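Participant: I have a structure here, written as structure tokens, and I will follow up with some questions on it.
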Amino acid sequence: MRLMLLGGPGAGKGTQASLLINRYKIPQISTGDMLRAAIAKGTPLGLSAQKIMESGGLVSDDIIIGLVKERLKNPDCDRGFLFDGFPRTLVQAEALKDAEIHLDHVIEIAVDDEEIIERISGRRIHQPSGRVYHVVNQPPKNPGVDDITGEPLIQRDDDKEETIRKRLQVYHSQTAPLVQYYKEWAESGSKEAPKFHTISGTGTVDQIFDNIVTILET
């Protein structure tokens, strides 16, 4: 089962990814984790990436694809894998295709921007414990304070509306075109193309997961 999840920030990809890797016993492949591991091991690709990062540059798609190919040779990928945060751009998607790294399913978790903003901007954190509340979906007993300690809750900078709108802007300009790319490829009838599915990201975690599993196992 070789999977990729697409969707905007706050669409619930991380939650569903955790459930999927547990169900199918496949690893979650993160380019960030791969970069850190390759640098720690001192592999040729890792050393190349380290030099670029230390000089403030962006790691090239060639290096990223090389890291992906290396990672997929590990025995834990024999049953498949789930891509996390990769590819991010059309150039990376084309590079993945050219490298003959095949996918079985690409799943878009679709959530309206305004709902994403409501989901994320409503989060409130009790910093010392890490407890998370939501002003609408999971409010504290008393507004603005932690249920257990009575200490104040904060809104992280990343959860502020202005920041979320910027992240959504980046998603729509860079990553959202991947939806069209994989959709058109699937519709082309190519044997190499993964199946493409769009599911609603609105509902409970279990409902969304059940919908994904139904798609994958039908």
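Note that Cβ sites are derived from N, Cα and C of the backbone, with glycine treated the same way.
Owing to the predicted nature of the structure, the values given are computational and were not obtained by experimental measurement.
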Participant: Need the matching range: Swiss-Prot marks region 'NMP' on one of 30-59, 90-119, and I'd like to know which.
Facilitator: 30-59
Participant: Helix, strand, coil residue numbers for the region 'NMP' (30-59) per DSSP?
Facilitator: 22 helix, 1 strand, 7 coil
Participant: Just to verify: the residue among ARG88, ARG123, ARG156 with the fewest other Cβ atoms within 10 Å, which of the binding-site residues is it?
Facilitator: ARG156
Participant: Treating G and I as helix alongside H, and B as strand alongside E, what does DSSP give for the region 'LID' (122-159) in helix, strand and coil?
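Facilitator: Helix/strand/coil tally for the region 'LID' (122-159): 3 helix, 12 strand, 23 coil.
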Participant: Are there any residues in the same chain, six or more apart in sequence, whose C-beta is under 8 angstroms from the C-beta of GLY10 (ATP binding site), and if so which?
Facilitator: VAL111, ILE116, ARG119, ILE120, ILE164
Participant: Restricting to the region 'NMP' (30-59), report the mean pLDDT as a whole number.
Facilitator: 87
